[in-house]
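Peer 1: These came from Swiss-Prot, pasted as-is:
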BINDING   C21, C105, C203  [4Fe-4S] cluster binding site
BINDING   H50, H83, H133, S231, S232, N233, S276  isopentenyl diphosphate binding site
BINDING   H50, H83, H133, T173, S231, S232, N233, S276  (2E)-4-hydroxy-3-methylbut-2-enyl diphosphate binding site
BINDING   H50, H83, H133, S231, S232, N233, S276  dimethylallyl diphosphate binding site
ACT_SITE  E135  active site, proton donor
Amino acid sequence: MGRMTATPARRVLLAAPRGYCAGVDRAVIAVEKALEQYGAPIYVRHEIVHNKYVVQTLEKKGAIFVDVTAEVPEGSIVMFSAHGVAPTVHAEAAERKLATIDATCPLVTKVHKEAVRYAKDDYDILLIGHEGHEEVIGTSGEAPDHIQLVDGPEDVANVEVRDESKVVWLSQTTLSVDETMETVDALKSKFPNLLSPPSDDICYATQNRQIAVKKLAEDAELVIVVGSKNSSNSIRMVEVALDAGAPAAHLVDFASEIDEAWLEGVTTVGLTSGASVPDVLVDGVLEWLGERGYADVETVKTADESITFSLPKELRRDLRAEAAALSAE
């Protein structure tokens, strides 16, 4: 009689932190509160956050997502997404007599303010980011004559500045930390006097989620990142997992997108989610994996997050006014 070989226990390593960051949480709640406060429709310029499920859920509640301000009927309410907008967009909204609610993430606003400040001092600003991303378009719009985009280390050779003693780098908030520093190092080799921003532009949540996914990659044969294909921070997490040694890593919006073939020979699955992803989607993946024998779930914690941001000021003002009116009755 042959000896029985024990099957290795299948398990899931669940990253913590994962999912919603403070800026996304604030933006999503802002749309929900605006719908409650003013009624549908609430127009939102671009997807409020880059997640298919979140956008579809808010559409069902009465949010209408538009690509350009001209699509918003005059006199309506328009909310700007968490990614931020250029000053020209604020001007367009004023021209159309739109009531605006600015749900730009405060960490993106910080980069906007840095751009304005350095442009005022006549610096050449090298903005590290991905061409066409809404956040990059918004930041570039703050100082179009001073900002040039650097889309990775391979772009550095083409960068030219007016005065090498007055150059500063800024970055999109959702990039790979490692790749950004590689770009910065290349820029510093070319421009030794390159100035750095006063504090990191890459946001705390992006950094924390990348650190967590690196930890998963140490032990998992497969890493699944829940997130949308247009989510910069989610895409970066797949890249970071592969760079950190994970044999395979994939991005999915929903559990139904997972290919059973990915699990072949896999005993340990690493699971995390992008900063725009509600936990209900991660729960769906856990359930799907559980049905296939990956019932043992172990949380891998690499950081605590307690940051919260207050709602956009326009919304806070109206909510306060309503509360005051109710208490006066």
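Here the Cβ of each residue, glycine as well, is placed from N, Cα and C on the backbone.
In the displayed structure, how are the listed features positioned relative to their neighbours?
Peer 2: C203 ([4Fe-4S] cluster binding site) falls within neither a helix nor a strand when secondary structure is assigned with DSSP, and so counts as coil.
Following the DSSP three-state reduction, the secondary structure of S231 (isopentenyl diphosphate binding site) is coil. Take the CB of S231 (isopentenyl diphosphate binding site) and look out to 10 A: across all protein chains shown you find 25 other CB atoms.
For S232 (isopentenyl diphosphate binding site), the same-chain residues that are 6 or more apart in sequence and have a Cβ closer than 8 Å to its Cβ are H50, H130, H133, E135, Q172, T174, L175.
For E135 (active site, proton donor), the count of additional Cβ atoms within 10 Å of its Cβ stands at 26 [all protein chains shown].
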Peer 1: DSSP three-state call for H50 (isopentenyl diphosphate binding site): helix, strand or coil?
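Peer 2: For H50 (isopentenyl diphosphate binding site) - judged by DSSP and reduced to three states - the answer is coil.
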Peer 1: Anything within 10 Å of S276 (isopentenyl diphosphate binding site)? Look among the binding-site residues C21, C105, C203, comparing CA atoms, and list what you find.
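Peer 2: Of everything listed, what lies within 10 Å of S276 (isopentenyl diphosphate binding site) (Cα to Cα) is C21.
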Peer 1: Let me make sure I understand the structure: which of the binding-site residues listed (H83, H133) has the fewest other Cβ atoms within 10 A of its Cβ?
Peer 2: H133
Peer 1: Neighbourhood of the dimethylallyl diphosphate site (H50, H83, H133, S231, S232, N233, S276): other residues with Cβ within 8 Å of the Cβ centroid, in order?
Peer 2: V49, E135, T174, S228, N230, S234, G274, A275
